[in-house]
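K.L.:
Have a look at this one before I ask anything.
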Amino acid sequence: MSSTAPLDSKATEQITTAAESKHNETQATRRKRYREAQEQTRNKHLRFQASPTPEEASPELPSDEVAKLPQKRFYRQRAHSNPFSDHNLEYPVLPSQMDWSTIYPHYTPASLRKVEIADIGCGFGGLLIDLGPQFPESLILGMEIRVQVTNYVQDRLIALREIHKADAYNYDNLGVIRGNAMKFLPNFFTKGQLSKMFFCFPDPHFKQRKHKARIITNTLLSEYAYVLREGGVVYTITDVEDLHNWMVKHLDEHPLFERLSKEWEEQDPCVKIMYNSTEEGQKVARNQGSKYVACYKRLPNPDDCE
């Protein structure tokens with residue numbers, strides 16, 4: 001009767017390494033196949049739905065192609081992205097040159113309204129999804145710099161539109177673009193176009209030398225004031241108290257913004273939505289962390305008050 005000789009430690013290590021390599025390769029292959037399939041669905045959907053006239057319309061997609069919500073595990077991405085890097089982003093030279101019908105494919109260019117609400121750094125789209133039904137007559141845009149996260153939100157919106165296509169509300173007023181709001185915001189929006197801007201759980205950039213990359217600075221606030229109409233509101237929320245104090249300090253010091261009261265925040269429906277909708281906010285709640293909110297109203301330009 002023969003017996004199998006025990007493997008030495010080197011052979012065991014080689015087998016373990018080979019198994020791990022095969023597992024990682026399988027995961028990467030699955031992720032690649034999934035992304036390719038989602039991209040094909042995304043391109044088909046946009047091409048079919050963006051046709052401006054019934055004569056040019058293409059056949060509808062089979063429901064099983066788009067009705068499934070995307071899975072986050074196939075959209076792996078770093079938590080943050082350097083806003084000063086060259087990301088090869090596409091952006092219009094002027095807002096008038098932007099083709100919004102590609103972002104809101106159920107609207108023809110003739111019927112398309114202007115975007116009124118912007119979620120800057122929209123992440124996985126939780127706030128967008130909850131804001132949409134509250135403002136069905138307003139176009140709401142998410143801006144996200146990370147490519148795979150943007151793709152996830154696009155695929156999520158495509159699936160939601162298909163799932164709810166027979167409902168009174170079907171998420172047609174929501175859109176997302178990959179863009180860098182710190183560089184190109186005025187390329188997308190005209191003066192006084194927006195009524196609300198949301199900054200939810202932005203990158204805190206803890207190191208002092210990185211503070212210049214924070215989404216709220218004196219220079220950027222002037223750009224936000226340019227695209228925000230008088231009486232419009234800037235919403236901020238974070239779980240980092242130091243960042244909250246930073247944002248409050250800079251907004252307090254800017255002449256075109258005035259902080260709204262705690263009573264106003266308690267009554268505003270957008271604050272309630274912002275507090276609980278984002279994936280980051282839900283993670284903070286699970287970890288029993290604190291959330292810091294500050295909302296500011298856009299004041300009239302000084303020249304207009306004279």
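Cβ coordinates are placed from backbone N, Cα and C, and glycine is handled just like the others.
According to Swiss-Prot, the record shows the following:
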| type | residues | note |
| --- | --- | --- |
| REGION | 1-65 | region 'Disordered' |
| COMPBIAS | 1-19 | compositional bias 'Polar residues' |
| BINDING | Gly121, Glu144, Ile145, Asn180, Ala181, Cys200, Thr278, Glu279, Glu280 | S-adenosyl-L-methionine binding site |
| ACT_SITE | Asp203 | active site |
K.L.:
Write out the long-range same-chain contacts of Gly121 (S-adenosyl-L-methionine binding site), meaning residues 6 or more apart in sequence whose Cβ is under 8 Å from its Cβ.
P.N.:
Met143, Glu144, Ile145, Ala181, Phe199, Cys200, Pro202, Asp203, Ile215
K.L.:
Tell me the Cβ contacts of Thr278 (S-adenosyl-L-methionine binding site) under 8 Å, same chain only and six or more apart in sequence, or just say none.
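P.N.:
Listed in sequence order: Gly123, Gly126, Leu127, Cys200, Phe201.
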K.L.:
Write out the long-range same-chain contacts of Glu280 (S-adenosyl-L-methionine binding site), meaning residues 6 or more apart in sequence whose Cβ is under 8 Å from its Cβ.
P.N.:
Gly123, Cys200, Phe201, Asp239
K.L.:
Given the S-adenosyl-L-methionine binding site residues Gly121, Glu144, Ile145, Asn180, Ala181, Cys200, Thr278, Glu279, Glu280 in the record, what is the largest Cα to Cα distance, rounded to whole Å?
P.N.:
21
K.L.:
Does DSSP put Glu280 (S-adenosyl-L-methionine binding site) in a helix, in a strand, or in coil?
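P.N.:
In three-state terms, Glu280 (S-adenosyl-L-methionine binding site) counts as helix.
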K.L.:
Helix, strand or coil: which one is Ala181 (S-adenosyl-L-methionine binding site) in, per DSSP?
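P.N.:
Looking at the DSSP assignment, Ala181 (S-adenosyl-L-methionine binding site) belongs to a helix.
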